Structures are given as structure tokens and as C-alpha cells.
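Visitor: Relevant sequence annotations retrieved from TrEMBL are reproduced here:
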- 228, 229, 230, 254, 255, 276, 277, 278, 352, 353, 354, 355, 359, 362: 4-CDP-2-C-methyl-D-erythritol 2-phosphate binding site (BINDING)
- 228, 230, 262: divalent metal cation binding site (BINDING)
- 221-374: domain '2-C-methyl-D-erythritol 2,4-cyclodiphosphate synthase' (DOMAIN)
- 1-221: region '2-C-methyl-D-erythritol 4-phosphate cytidylyltransferase' (REGION)
- 222-377: region '2-C-methyl-D-erythritol 2,4-cyclodiphosphate synthase' (REGION)
- 15: site 'Transition state stabilizer' (SITE)
- 22: site 'Transition state stabilizer' (SITE)
- 144: site 'Positions MEP for the nucleophilic attack' (SITE)
- 197: site 'Positions MEP for the nucleophilic attack' (SITE)
- 254: site 'Transition state stabilizer' (SITE)
- 353: site 'Transition state stabilizer' (SITE)
Ligand SMILES: Nc1ccn([C@@H]2O[C@H](COP(=O)(O)OP(=O)(O)OP(=O)(O)O)[C@@H](O)[C@H]2O)c(=O)n1
Ligand SMILES: C[C@](O)(CO)[C@H](O)COP(=O)(O)O
């Protein structure tokens, strides 16, 4: 099932005012059109996005966006877009006003879901205020039952809405009117008070307030894993996740053998696709002999920050029969939090035995596995 978003942007925005048509004006750091395009381009259920513009506006179209020229009316612009989409293998189309830049995923999803059972679907909001008839004075009251305020995106089976537009004489308020004229059933889905159409000058400030906290691009989320093992040797303590833990043996290694911190460090390098500790701190290099492992972890965190990533969480599991980790887990979280700058509530340190099986069960060493999530928004 291939779905296209057709965004009509060929209007002149005369009611909104300004030096440019409203779709090219800046709101919350981006043009109205960029916000609207991003809502559909970032949606996993949309395969193709087509913008319909006024022929004079080509210079304003963001790079990489597909566009066609529209017509003198909204329905002529929609028709031009639908005809252009016939060149592609499209099953469903969502037709949306560029001026509704605050549309969100929930509104789009509700339309897409309803299209599984209906020829058409569009978001609406039930009218809750009383309705008057009048001019300077009220001359009557209209019942509001069963009345909805219409929004976009309005979604349809592609072939059905194309045929409906081809058959329509023009002058429709929206695509639902065109669809209904062709006998198509249109389901009403949940609209949103935020899905405003920028129409008047004051609507720019309303849209800016809604869009202020939103990200334009989908966050870049990376997951990395790390695994490490160190064998036991003679000694009286181990260092695990930055904490000195008394024990009747020590862990052997080139550095301080903090197996937990090594696994975490490798998880971060892994998320960045930057290899592992050995690549950045070769064991063959004597300067790292006996090194404290926080040096490695700090380096991995700095690499993440340099690339614009925040570490969202860390989860580390230590595998050993002894020492008992539970009594030290909070201190380990705190130590890792100090080193990484990540709040302790986003760091998990836990432990398991291996039921006396294998090398950890025979207490020959300790293993650690870790995952880290990195996010760039
Ligand atoms: N010839 C037209 C007229 C309108 N639209 C689009 O239809 C949507 C809804 O129209 P409206 O908000 O009325 O926009 P404008 O026509 O630009 O505004 P105005 O009436 O104030 O000039 C807008 O996204 C607008 O760009 C279009 O693609 N082609
Ligand atoms: C399609 C529409 O957005 C539904 O509310 C609206 O009808 C288009 O804008 P206009 O102001 O009616 O031209």
C-alpha cells in the first residue's frame, strides 16, 4: 500500500498579509512550508510527498522537494497534484493545506487508520460553541448538533479521489465535498485544536507558540552494545563501574580491569560506529598500562558530544557469582554519573550469576555486557 501526501501551497495568502505568501514566511525558525513538509516527510507511513505551488514561487521551494505548479483555485491545485501523482504507483493520498503547519502525527495516523475501512477520511472537531446567525446583532441561533469544523489532511483511495476531482465542476470548499459529490463515504477522525490553518496575521503567533517545542527532523537514535571479560588473579579488591569493591581476588588486565566500565565504553563507541577501546587505547601502548578506566569512558562520552549526540541511557549487567554487586550498585551509578555527566536515573547497573555455569560460574573471571542509547535531535 503506497501512500502519498499532496500539500497544496499555490495560494497567495492574501488574508495573512506580509511581504511573501504565508507559506514562505518564517515561524519558529523555519518557513510554514518547511514545517508542513517535515510533518509528512518524517512520517513512516508516507512514501512520497508532492508540493503544489504557484509558478512564481519555485525559488522558495526547499531543496530536494518534489513540486508541480497549481491552479487559480484550491481544487484546481489539488487536481494538478493528483494528475502529477498518476505517474507514480500510489494507492492512497492525503491532501493537506500547507497553511496547517502544526499538524501532528496523531492526526495523520487517525486518517491513515480510518482509510483501512473507508474510501475517505478526514479530521474534524465537533462544534462546541453555540452558533448564531446575524450581522451587527444576533438574529437567530442554529443548532450545533452534528456539526464539525473541517481540517486536513483529507485522505482517500487514490483512484477514487482522482476520478471524483475529474468529474467535479469546481468550486468545492475542500476534497471531502468533492468526494461526497462522487458518492464516496468519508469517515470523520479526531482533529486537533493545534491543527490550525494560518489564515489571519495573528495566526502566525499562534502557530509559533504551538511549534516552539517541536523538532523539525526526526531524532537520530543510535543503540550500541559492549561486552568485556577479565580474569581473576591474586589481590584483595576489584574495580567495577568506578567503585573499589573488596574481594579475595583482583581482576587482571592491562588497565585497572574495570570490566563494567569497559563494556559501557564499548557500547558508546559501538553506537558511534567507532570501534572499541582497543582502537583508541591500544593495549600495546605502554602509556595505558594500569590506566584508570574513566579515561576511556570520558573519551567515548567526548566523542559522542563532539558528534552532537546526548547519551540517553546506559544499562550494564555484571556477570559473576562474587562479589555481590547489589550493595554497591547505587555507588556505581553515582560514579558513572560523575564521569559521564548523565543523571544517575538514566544509568542502570545490575548483576546476575551464571548459576555456577561456565567461566563466571567457576569464578575464573567477571563478564559485563552493556547497552547505550545515543540521541541527536
Ligand atoms: N489557488 C490555490 C488556492 C489555495 N491553495 C492552497 O489551499 C490551502 C487553503 O487555502 P487558504 O488558507 O485559503 O490559502 P490562501 O488561498 O493562500 O489564502 P487567502 O485566501 O487568504 O489568499 C492553502 O494551503 C493554499 O496554499 C492552493 O494550493 N491553490
Ligand atoms: C480545506 C480546509 O482547510 C478545511 O477547513 C479549508 O476549507 C481551506 O481553506 P479556506 O480558507 O476555506 O480556503
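Glycine too: its Cβ is placed from the backbone N, Cα and C atoms.
Predicted, not measured: the structure shown is a model, and the values here were computed from it.
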Visitor: Any idea of the Cα spread of the 4-CDP-2-C-methyl-D-erythritol 2-phosphate site, 228, 229, 230, 254, 255, 276, 277, 278, 352, 353, 354, 355, 359, 362, as a max distance in Å?
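Guide: Spelled out: the longest distance between any two Cα atoms in 228, 229, 230, 254, 255, 276, 277, 278, 352, 353, 354, 355, 359, 362 is 30 Å.
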Visitor: What is the interatomic distance between the Cα atoms of residue 352 (4-CDP-2-C-methyl-D-erythritol 2-phosphate binding site) and residue 22 (site 'Transition state stabilizer'), given in whole Å?
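Guide: Given the Cα positions, residue 352 (4-CDP-2-C-methyl-D-erythritol 2-phosphate binding site) is 60 Å from residue 22 (site 'Transition state stabilizer').
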Visitor: Within a 10 Å radius of its Cβ, which of these recorded positions (22, 230) has the fewest neighbouring Cβ atoms?
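Guide: Comparing Cβ neighbours within 10 Å for the recorded positions 22, 230, 230 has the fewest.
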Visitor: Around the C-beta of residue 228 (4-CDP-2-C-methyl-D-erythritol 2-phosphate binding site), how many further C-beta atoms are within 10 angstroms, looking at every protein chain?
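Guide: By my count, 22.
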Visitor: Cβ under 6 Å from an atom of ligand 1: which of these recorded positions qualify? The list is 144, 230, 277, 353, 354, 359.
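Guide: Qualifying residues: none.
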Visitor: Please list the recorded positions from 15, 277, 354 whose Cβ falls under 6 Å of any atom in ligand 2.
Guide: none
Visitor: Taking the recorded positions one at a time (255, 352, 353, 354), which has its Cβ surrounded by the most other Cβ atoms within 10 Å?
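Guide: Within the set of recorded positions, the most crowded position is 255.
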Visitor: Are there residues of the same chain, six or more positions away from residue 197 (site 'Positions MEP for the nucleophilic attack'), whose CB falls under 8 angstroms from its CB, and which are they?
Guide: 97, 99, 100, 151, 203
Visitor: How many Å separate the Cα atoms of residue 262 (divalent metal cation binding site) and residue 228 (4-CDP-2-C-methyl-D-erythritol 2-phosphate binding site)?
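Guide: Residue 262 (divalent metal cation binding site) and residue 228 (4-CDP-2-C-methyl-D-erythritol 2-phosphate binding site) have their Cα atoms 7 Å apart.
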